[in-house]
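Working notes for the structure below.
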Amino acid sequence: NLIHFSSMIKCTIPGSKPVPDYSDYGCYCGKGGSGTPVDALDRCCQVHDKCYGDAESIYGCTPFLTYYSYECSERQDLCRGNGTKCKAFVCNCDRLAALCFAKAPYNKKNYNINLNRCK
């Protein structure tokens, strides 16, 4: 779920503020998404959106509401003991996105952009 995802980002990027920083970034970070990603970070969000879309094809899986178990160790997120396919899948979506975010530069000019750029 989004609370776990936010915590995973804080694990890979200590001191970050995931909700304000990433909820309205580029064309894909935040709700929805379209067009061409504006940079590497936005591409991370596009891939994460697709991963959640793939998770929704698992019967009964609702990624935004799915609770899972994970652990943060040395800026790495580790998915732990998630007994259902949905939980394991969603945890991995969030884990991979958090790692991607940690590698991608944050460009303030791509925060709260005019969405006409995303067509």
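Backbone N, Cα and C define each Cβ position, glycine as well.
Taken from Swiss-Prot, the feature disulfide bond applies to Cys11-Cys72 (among others). When secondary structure is read from DSSP and collapsed to three states, Cys72 (disulfide bond) falls in the strand class. Just so you know, the Cβ of Cys72 (disulfide bond) picks up 15 other Cβ atoms within 10 Å once every protein chain is counted.
DSSP assigns Cys118 (disulfide bond) to a helix. Under 8 Å, Cβ to Cβ, and six or more positions away along its own chain, Cys118 (disulfide bond) finds Gly26, Cys27, Gly33, Ser34, Gly35, Thr36, Val38. Per Swiss-Prot, the feature disulfide bond maps to Cys27-Cys118 (among others).
Look at Swiss-Prot and you will find Tyr28, Gly30, Gly32, Asp49 tagged as Ca(2+) binding site. In this structure, Tyr28 (Ca(2+) binding site) belongs to neither helix nor strand by DSSP; it is coil. Cβ neighbour count for Tyr28 (Ca(2+) binding site) (all protein chains, 10 Å cutoff from its Cβ): 24.
According to Swiss-Prot, the feature disulfide bond maps to Cys29-Cys45 (among others). Cβ contacts within 10 Å of Cys45 (disulfide bond), excluding its own Cβ and spanning all protein chains shown: 22.
DSSP assigns Cys100 (disulfide bond) to a helix in the three-state reduction. Sequence annotations record features per position, and here Swiss-Prot assigns disulfide bond to Cys44-Cys100 (among others).
Counting only same-chain residues at least 6 apart in sequence, those with a Cβ under 8 Å from the Cβ of His48 (active site) are Tyr28, Cys93, Asp94, Leu96, Ala97, Cys100. Marked as active site by Swiss-Prot on the basis of sequence analysis: His48 (among others).
In the three-state DSSP scheme, Cys51 (disulfide bond) is classed as helix. The disulfide bond annotation in Swiss-Prot covers Cys51-Cys93 (among others) and rests on similarity to another entry.
Secondary structure from DSSP puts Cys86 (disulfide bond) in a helix. In sequence order, Ala55, Ile58, Gly60, Cys61, Thr66 are the residues of the chain that are 6 or more apart from Cys86 (disulfide bond) and have a CB within less than 8 Å of its CB. If you look up Swiss-Prot, you'll see Cys61-Cys86 (among others) marked as disulfide bond.
Annotation note: Cys91 (disulfide bond) sits in a helical segment as assigned by DSSP. As annotated by Swiss-Prot, disulfide bond applies to Cys79-Cys91 (among others).
Per Swiss-Prot, N-linked glycosylation site is recorded for Asn82.
Around the Cβ of Asp94 (active site), 27 further Cβ atoms fall within 10 Å across all displayed protein chains. Annotated active site per Swiss-Prot: Asp94 (among others), in sequence order, evidence recorded as sequence analysis.
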Give the sequence-ordered set of same-chain residues, not counting Tyr28, Gly30, Gly32, Asp49, with Cβ within 8 Å of the centre of the Cβ atoms defining the Ca(2+) site.
Cys27, Cys29, Lys31, Gly33, Cys45, Gln46
Counting Cβ atoms within 10 Å of each Cβ, the densest environment among the recorded positions Cys11, Cys44, Asp49 belongs to Cys44
Separation of alpha carbons, Gly30 (Ca(2+) binding site) and Cys11 (disulfide bond) (Å)
19
Let me know how many other Cβ atoms fall within 10 Å of the Cβ of Cys91 (disulfide bond).
25
